[in-house]
Every structure is written in structure tokens, then in C-alpha cells.
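Features as listed in TrEMBL:
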TRANSMEM  20-40  transmembrane segment
REGION    65-113  region 'Disordered'
COMPBIAS  89-103  compositional bias 'Polar residues'
COMPBIAS  104-113  compositional bias 'Low complexity'
TRANSMEM  175-193  transmembrane segment
TRANSMEM  213-231  transmembrane segment
TRANSMEM  243-261  transmembrane segment
TRANSMEM  281-299  transmembrane segment
TRANSMEM  306-326  transmembrane segment
DOMAIN    341-478  domain 'FAD-binding FR-type'
REGION    442-461  region 'Disordered'
COMPBIAS  443-461  compositional bias 'Basic and acidic residues'
Amino acid sequence: MSGEQSFFTTTPHDHKINVPLFVFHIDILLLSLFALYVAFTLPRALVRLFQPSEILNGFFLRSGTSPAPPERSGSTRILKQADKIGRSGTVTRSNSNTRSQPIRSTSTRTNHSTRTLVDVPEDANLPDPFPAIVTPCARGSHKSRAPTRVPRWTTIIHPTFAYALNFRVFPGFTLGKFLVLLTYGVIMLYASLFSSSPFTDPVRTGYVAMSQIPIVMALAGKTNWLSWVCGVGYEKLNYIHRFSGRVVVIAANIHALGYLYKWSLHGVMRTQLDDPKYRWGLVALSAVDLLFACTLSFVQNRMYALFFRIHVIGVIVFLLATYMHFHTTLPYILTAVGLYVFDHLARIARTRYTTAWLTAEHSLNGGTTLVHVPSLDAGWRAGQHVRIRIVSDAWFGWWATWLVGRARPFTIAAASESGGMMLPIKAQGAWTRDLLRMASDAADARPAEKSPDTERGRGPTREVRIIVEGPYSGPGYTLYTAYSGAVLVAGGSGISYAMSVLGDMLQKHACGKSRVRIIEVIWSVADPDSLYSLLPELTSLMQPRASPHTPLSLRLTVHWTRASSHPPRVPRMTLPSGVHLCAGRPDIYATLQSVVAGVRTAYSASRSSSSDTPSGIVVGSCGPTSLIDDASRAVGRVSWADWKDVGGVESIEEYVFFPLPYVPYHHWL
């Protein structure tokens, strides 16, 4: 019996249901639920899109003209916990007549040991020995151009609700994601079982599998319209892509097994398989099962290149065989192909071919290559990443690299229009180790290919041609500068994310386009060598300029977590003001509480004005799953009273799946 005949006559219930129309309505239901989510995010989307500085960024890389920085305020100095920041921007110190002298902190606490000299009153009794840099307001009257913050709907309801959605079911997977997949799964069960049985009516699950093909393809692309509309990066929607792919696999296998079982009962297996369309069905089933087998963590962990190639070839074979098996699938297949073509055309439009300089830093995160692209200076948002390919020197190297080479994603470690793009790439994996080896051989390169990086005091750098694709992902509808306080948590090479966000906030702060009063940066590394290797870039960030709108308190605390018997590989030097080195794991909750107290203090003098209230605190994290989960738990521990006082606490987590699921592509400690 053919698929068309069984569709109408298999059961007494099926003649009442137009199955193609039914599964189409199931897709409409899924899109309606997605549209409902988009409606909740619409106010945040409008605020972000109407920001002049945000309209042109986040889509296409370009060569920008970095404006000359204004003179730095001479009033920037160190702030002790005894200091207070008033609304006017003035900084007052208690016990101002106390004689002070430079001393070295002698604290032996795990999280509070420092190697910097700080100017502390000799009789001061400060609970926090780590001073922060404070930049008061610049003189003169300037109208505020800071963005308006629209809180998330979970923030408006209650912190308990936000904490529940961010509760970790298992590492890296939240209760909110689980509820999304549960809803999706229930709808798929309804579509498969309503007035039907997979034992007597296997054709229904075939239609269900067919209906989900466009959704799988839509979520697979790096430039998919679902991500653009909802403001969530493609890698953060990857868990739905994997789940919908498994729905297709399960439904297709139930569909096939149902028919094979019926044919075996009636003894017509050989006769039915003589029909070409059923042979094509077996080809499609084999392709989709092979795709599923290659998505298993065992294969991805050890043979990612094989997984990638089979994924591409398998999808092509599956779509072609599905059409040959059942021509009714043509609209769904054409939709999937159209989404795939759109994704790749958009990638081509976002691709740039330019020159980059490689610098080897063997002491940074166990070996890192700094890739500097001076010709690309604008077009991205803080926290976004790009995908790169290094072009070979062979004939037609550009075309061969673009067509065959696999693009690898890395976070941009600089703000837009700040002197060029920089990508710290940790050496973990064959390709990144080869890149570090290439950068290490810069001294032996041809004279035309090398240049000393005298600006930051580094060694020789090597010139290469590079294909840059992006930018992708990022904070979505979140505007970091719309908050009153910020806590940036980074682990290992996740410092790329923190440097990008910090640079962007400081850049907008100097122009009066930021509401941020307090910034705390936490960086967890294996050993102190990583800090001193990146000190030239960090020193430039730790020199904020005065703002015509708000004062600013800035502090960077680096926590090293592994003891080593080897001597330091990087010479030790005095750390700049506001940078502190500590032993042990960071206490993110304690840092968040200090930011809450600082925001409350900064606004206490002007709380009577309804237009001058705290606009919330943002906690951005990028690093190992355990560190990100710690940051999420810290947000969940904030009390309801503190939540209301500061205007809510919201978190942002940056993940890119490379090469493993639930593991960020920044390769960690």
C-alpha cells in the first residue's frame, strides 16, 4: 500500500484529519509561541535599534576611523572603601588628615593576597584591601545621552522567578531551556499521537519528521532570521537545533519501522522494496541515522572533522532522498534549502579578506596567539565573535581556503573603533597549535612578513593573509551601558569577552553615553603569568577618561588557581592602579554584593528624584561551565530588598559551541 493511500485509509479516524494541513498547523503553533516570546522582547529591541551607536554595529565589519581620544582627567585616583562618590561626582575621603604611606598588603587570606603597592593610611582599618580606580565627572554641563534600560520581563516579576529559570538542571543547562524543550516535545507528541497510533498509522510520524526539517535548518545557520528576530545568538539556540534534529530522527525511524513491520507481517517486504520510492526512503533513513550517530559526544570529541564533513554531506543526501521518496515534501525541502542558501549568502556578505599580524604569547593561558587585524576597526558589538581562516601561500590560496577550509570562531577582545580587531587564540587543538607555531617562527620569517610590535613592547610579529567572517552573536538586545553597575566574570581565554565589553563601556563612558557607575572585572587564570603576559593591553584599559555624565569606579581582580614549582616565565612588574592579583577561586557573590552596595551608595544622595534611580546591575560571564554556573548562582542569591534598591540584577552568559556541546569555544584552563 502506498504512502498516499495509507494516509487516507489506514484508520477510521484518519479520514477526518487532513494530515498535511494538520502538521502545517503544528508548525504555525510553534511559530506563534516563538512570536509570543518575540513580543515580550520587543520593547528591548526598539530601545537597542534606536541607539545611533548600535544601528550600524553587529552586522558587517568595516574600516573605521578611531577618533583622537580626549585628554585624560588628572583627577583619576585610587578609591578606598572609606571613600564615597556623590551624585555631583566629587570624591570625599574620611580621615583625610591621616598620614599615609605606601605599604604592601600582607594579607594571607586565600582570596585576598596582592602584589601591588597601594596608598593606604597606616592606621586605616579597611575591610577590602583592594582599591579601585575612580574617575569623577568632568566639569561642564552636558546633556545625558545614555541609553534607556528596559528590564527583562523576568526581572520585573520577581528575582525568584528569574532564579528558577536560570537554575541548573545539570552543568550548562538551565531549567528555562528544559521547559522550552519540554513544551516542544509535548507538541511533537500531540502531533504524532492525536487520533493516530504509530503501530497502525506509521505515515503520521513521516509527516511530523517532514514538518520539522525547515526548523532544523533554520536553527543550523550562523545568520538565521530566528536569531535576529529574538535577539538571541545562534549558539544559544543550538540546543533547540539538536533537539529538533533528534525529533526528525525518531519520527523518521518510527515511520520506517512501522512500514517494515506491516510488510513483514503480510510477507510483502521484497515486493514493496522493489518500488524505487521506498528504496529512496531507506537511503534517507540511513542518512539521517548517520547524522545522528555523528552527533554523539564520543564522535564529536575525538573526530570533529569527520562529524563536520558527514554533517554537510549527510544533509544533502537526506534532503534529496526524502524528495525522491515522497514528492509531497517538496515545499518543506525547498524552504530548508532556501534557508541554507540565505545563510551562506549572508556569510559571504559578511566576509572580509585582509592582513593580520600574529604574535606568540607562550605564557598566556598556556600558549596563546594574538591575532591583530588593524584594517578592521569597526562594525562589531562588544562580546561578539568572528570566524577566521588563515590563507595559504599556494596558488589560488584564497579560493581554496574559502571553499575547503573550516572557519573557526573566536571572540573579539577589543571595542569597536579602538585601533583594530584583536583575537587572542589559545593553543588547544591541532589547528590552534599550528597557528601558535607559525607565530613563534616570526623571527625566522622573510623580512616582508615580520615586524616588531614595539607599540606594546612585544617581540616580532608575523604577517599573514586572513579571511574574517562575521560578526556573530553578542549581547542581543542587552545594552551594557544602560545599567548602573557591571560585573564581568572571565575564565581563562574568556578574558577576550571581558576586554571587549570593558573597552566598549569605557569608550561610551568618556562620551557621556553610559549610566555605569561601578565596574568589577574578575579574571580566573591558572597562574599569574597570564596576567603579566596581557598586561600591555590591560594597562591601556585601566586608564578610564572622565565622563560629562557620571563618575566611574573600576577594578580588575585576577585570581590564580594553580600552584606551580616552576619559576615565572614572565618578568614581574608593578601592576597598574586598580589591578590586583589574588590566590584562590573568586567569590563572585561577594563581588556582586559590593557592587550592589556601591550602586546604592552612589544613588542615595539623589534618591528623592524619580528620574535618577538605579537602572540595575548586569553580570556578564564567559568561561568554563562551572564558573558561569557560579555567576548564575550568585545572581540568584541577591535578596529581594537589594534587587529592588538597584533596579534588578540580570545575567548574560556567552557560549560558543566549538567543538563540543555545552563547551564554549574559548578553550579554558
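Along the chain as shown, residues are numbered 1 onward.
Note that Cβ sites are derived from N, Cα and C of the backbone, with glycine treated the same way.
The model shown is predicted, which means the values in this text are computed figures rather than measured ones.
Within its own chain, the transmembrane segment (306-326) has Cβ neighbours under 8 Å at 3, 206, 210, 213, 217, 276-278, 280-281, 283-284, 287-288, 290-291, 294-295, 299-300, 333, 336-337, 406, counting only residues six or more beyond its boundaries. Secondary structure counts, DSSP: the domain 'FAD-binding FR-type' (341-478) has 35 helix, 50 strand, 53 coil. The stretches the transmembrane segment (243-261) and the transmembrane segment (175-193) meet in space: the count of Cβ pairs below 8 angstroms, excluding pairs fewer than 6 apart in sequence, reaches at least three.
Same-chain neighbours of the transmembrane segment (20-40): 153, 183-184, 187, 190-191, 194, 207-208, 210-211, 214-215, 226, 229-230, 328, counting only residues six or more beyond its ends whose CB sits under 8 Å from a CB of the stretch. Counting only same-chain residues 6+ beyond the ends of the transmembrane segment (213-231), those with a CB under 8 A from a CB of the stretch are 27, 30, 34, 37-38, 41, 44-45, 48, 237-238, 240-241, 244-245, 248, 315, 319, 322, 329, 332-333, 335-337, 339-340, 342-343, 346-347, 350, 387, 472, 476-477. Mean pLDDT, taken over the domain 'FAD-binding FR-type' (341-478), works out to 85 on the 0 to 100 scale.
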